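Copied over from Swiss-Prot:
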{"type": "TRANSIT", "residues": "1-29", "note": "transit peptide"}
{"type": "MOD_RES", "residues": "Arg30", "note": "N2-acetylarginine"}
{"type": "BINDING", "residues": "Tyr53", "note": "chlorophyll b 1 binding site"}
{"type": "BINDING", "residues": "Trp75, Ser81, Glu94, Arg214", "note": "chlorophyll a 1 binding site"}
{"type": "TRANSMEM", "residues": "95-115", "note": "transmembrane segment"}
{"type": "BINDING", "residues": "His97", "note": "chlorophyll a 2 binding site"}
{"type": "BINDING", "residues": "Arg99, Ile148, Leu177", "note": "chlorophyll b 2 binding site"}
{"type": "BINDING", "residues": "Gln132, Leu142, Glu209", "note": "chlorophyll a 3 binding site"}
{"type": "TRANSMEM", "residues": "147-167", "note": "transmembrane segment"}
{"type": "BINDING", "residues": "Ser152, Glu168", "note": "chlorophyll b 3 binding site"}
{"type": "BINDING", "residues": "Gln160, Phe257", "note": "chlorophyll b 5 binding site"}
{"type": "BINDING", "residues": "Gln160, Arg171", "note": "chlorophyll b 4 binding site"}
{"type": "BINDING", "residues": "Lys208, Gln226", "note": "chlorophyll a 5 binding site"}
{"type": "BINDING", "residues": "Asn212", "note": "chlorophyll a 4 binding site"}
{"type": "TRANSMEM", "residues": "215-235", "note": "transmembrane segment"}
{"type": "BINDING", "residues": "His241, Ala250", "note": "chlorophyll a 6 binding site"}
Amino acid sequence: MAAATMALSSPALAGKAAAKVFGEGRITMRKSAAKPKPAASGSPWYGADRVLYLGPLSGEPPSYLTGEFPGDYGWDTAGLSADPETFAKNRELEVIHSRWAMLGALGCVFPELLARNGVKFGEAVWFKAGSQIFSEGGLDYLGNPSLIHAQSILAIWAVQVVLMGAVEGYRIAGGPLGEVVDPLYPGGSFDPLGLADDPEAFAELKVKEIKNGRLAMFSMFGFFVQAIVTGKGPLENLADHLADPVNNNAWAYATNFVPGK
C-alpha cells in the first residue's frame with residue numbers, strides 16, 4: 001500500500017510548467033519547490049553552527065550540507081546528498097516515509113494497549129489483524145460489525161488506492177490551481193491548526209517531525225523483526241522482556257532463532 005502511494009509522491013512535477021486552456025485563452029502556471037525560510041540565527045538546528053551528528057567530535061561536514069534543511073546533522077558518509085536532484089528526491093522520500101512510519105508505529109502499539117486494558121475490538125496484534133479478512137466471517141473494523149464489514153481484500157486495496165492517491169495527487173499537484181508551492185509542507189487544508197503560521201516555530205516543528213520520523217522508521221523495522229522472530233506484538237514482547245529480561249532479549253532470540261519454528 002505504501003509503495004502504491006509512494007509512486008504518487010515523485011517530485012518530478014516540481015519546476016515544470018502546467019498549462020490550462022479556458023476557451024481561446026491560455027493560462028500557464030509554474031510550480032517550483034520552495035526554498036525554506038531561514039530559521040532564527042540562534043537556532044541550534046540550522047546553519048553552519050548547527051548541532052552535528054557527533055557533537056564536538058564531529059568532523060567538517062560536506063560542503064553541500066549547509067544546514068539549510070531540517071534534520072541536517074552534517075553526516076553523509078556515502079555521499080548520497082552530493083547530487084542536488086538526488087538529494088531533493090531522497091529528502092522528500094524520507095519525510096513521506098517518516099510520516100507513514102509515525103502513523104504505522106502508533107497503529108501497531110495503540111490497539112494492543114487498548115486490548116491490554118480491557119477494550120475488546122477483535123484482533124489487536126498489528127500483523128494478525130489484517131489477516132482476519134481472509135477468515136470466513138471477514139473483518140469487522142474495530143471489532144464492530146455495525147461499522148465496516150470487509151470481506152474483499154481487493155475492494156479494500158482499491159478504496160485505499162483511490163482515496164490515498166487522490167490526497168497525494170492533490171498535495172503533489174499543489175491543489176486544483178497549483179497554488180501550493182511546497183508539496184512537502186502544503187499548508188492550507190493540510191494545516192487546519194495553523195501550526196505553520198509562525199516561521200520560527202514551524203522551522204523547529206520540521207526538525208521535531210524528521211527526528212521523530214526517523215525513530216519511527218527504526219521502530220517499524222524492529223516491529224517487523226519481532227513479528228518474524230517471536231510471532232508477538234510489540235507490547236507483548238515488551239512485557240515478556242520486563243518479566244524475564246535474561247531469557248527474553250535480542251541476543252537470546254538471535255542465538256536461538258530457527259526460521260519456520
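A Cβ is built for glycine as well, from the same backbone N, Cα and C atoms used for every other residue.
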Rounding to whole Å, the Cα atoms of Ala250 (chlorophyll a 6 binding site) and Arg99 (chlorophyll b 2 binding site) are apart by 27
Argmin Cα dist to Lys208 (chlorophyll a 5 binding site) over the binding-site residues Tyr53, Trp75, Ile148, Glu168, His241 returns Tyr53
Rounded Cα distance in angstrom between His97 (chlorophyll a 2 binding site) and Arg214 (chlorophyll a 1 binding site) is 9
In whole Å, the longest Cα-Cα distance within the recorded chlorophyll a 3 binders Gln132, Leu142, Glu209 is 33
Binding-site residues Ile148, Ser152, Glu209, Asn212, Gln226 vs Arg171 (chlorophyll b 4 binding site), shortest C-alpha separation belongs to Glu209
Widest Cα pair spacing in Å over the listed chlorophyll a 1 contacts Trp75, Ser81, Glu94, Arg214 is 17
As a whole number of Å, the Cα atom of Trp75 (chlorophyll a 1 binding site) is distant from the Cα atom of Gln226 (chlorophyll a 5 binding site) by 29
Among Arg99, Gln160, Glu168, Gln226, Phe257, i.e. the binding-site residues, the one with its Cα nearest that of Arg214 (chlorophyll a 1 binding site) is Arg99
Rounding to whole Å, the Cα atoms of His241 (chlorophyll a 6 binding site) and Glu94 (chlorophyll a 1 binding site) are apart by 31
CA-CA within 10 A of Ile148 (chlorophyll b 2 binding site), subset of binding-site residues Glu94, Leu142, Gln160, Asn212 in residue order, equals Leu142
For Glu94 (chlorophyll a 1 binding site), the spatially nearest of the binding-site residues Leu142, Ser152, Gln160, Glu168, Gln226, using Cα atoms, is Glu168
Judged by other C-beta atoms within 10 Å of its C-beta, the most isolated of the binding-site residues His97, Arg99, Lys208, Arg214, His241 is Lys208
For Gln132 (chlorophyll a 3 binding site), the same-chain residues 6+ apart in sequence with C-beta under 8 angstroms from its C-beta are Gly122, Glu123, Gly138, Leu139, Asp140
Gln132 (chlorophyll a 3 binding site) falls, by DSSP collapsed to helix, strand or coil, into helix
